[in-house]
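Participant: Could you have a look at this structure, given as structure tokens, before my questions?
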Amino acid sequence: MVKMAKRNTIQRQLVIAAVRFLADHPTAEEVYDRITMEYPDISKGTVYRNLNSLVESGLLSKVSVPSGADRFDHILARHYHIKCTECGKFMNVENFDYIPDMDEKVAAVTGYKMNHHDIVFSGICPECQKEMAERPVSEEVLGDDQN
């Protein structure tokens, strides 16, 4: 049976445009919020269905984030991501190539037939580190020994 091509509807175009505009790996909710700024009558279900359909058809990718909402990416080449544990900033790891032979190494150890790997690093971004360094030390941290 031949699979029917998905129609390129205005809703699909809006979803792709929103993901590209919100270039910081938006969540489905952020995509919906962006679209409803100009098209308030679009339903959340329509946006969510189109996001999933665009992922299935290979026009967007979905990044599963541990303990967070899935995020969507318009960059289709395999790459890594990093999330700030303080402010939630989520971005690509720049100047760091995807390591395809990692799949082979994990397959050799586990016996799995690998498809690919997704890695989301976590840490504290430079902006949050700076903010933390500039914060005054609270009395709770110092303890009661100061009296």
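Cβ from N, Cα, C; glycine included.
TrEMBL: automatically predicted annotations, no manual curation.
Values in this document were obtained by computation on a predicted structure and should not be read as measured data.
So TrEMBL lists these for the protein:
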BINDING   CYS84, CYS87, CYS125, CYS128  Zn(2+) binding site
BINDING   HIS117  Fe cation binding site
Participant: Fill in the CA-CA distance, HIS117 (Fe cation binding site) to CYS128 (Zn(2+) binding site), as an integer in Å.
Facilitator: 28
Participant: Taking DSSP three-state, what's CYS128 (Zn(2+) binding site) in: helix, strand or coil?
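Facilitator: For CYS128 (Zn(2+) binding site) - judged by DSSP and reduced to three states - the answer is helix.
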Participant: Should CYS84 (Zn(2+) binding site) be counted as helix, strand, or coil on the basis of DSSP?
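Facilitator: The residue in question, CYS84 (Zn(2+) binding site), is strand (DSSP, three-state).
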Participant: Let's check the environment of CYS128 (Zn(2+) binding site): how many other CB atoms sit within 10 Å of its CB?
Facilitator: 16
Participant: Using the centroid of the Cβ atoms of CYS84, CYS87, CYS125, CYS128 as reference, list every other same-chain residue with Cβ within 8 Å of it (recorded Zn(2+) site), in sequence order.
Facilitator: THR85, GLU86, GLY88, LYS89, ILE124, PRO126, GLU127, GLN129
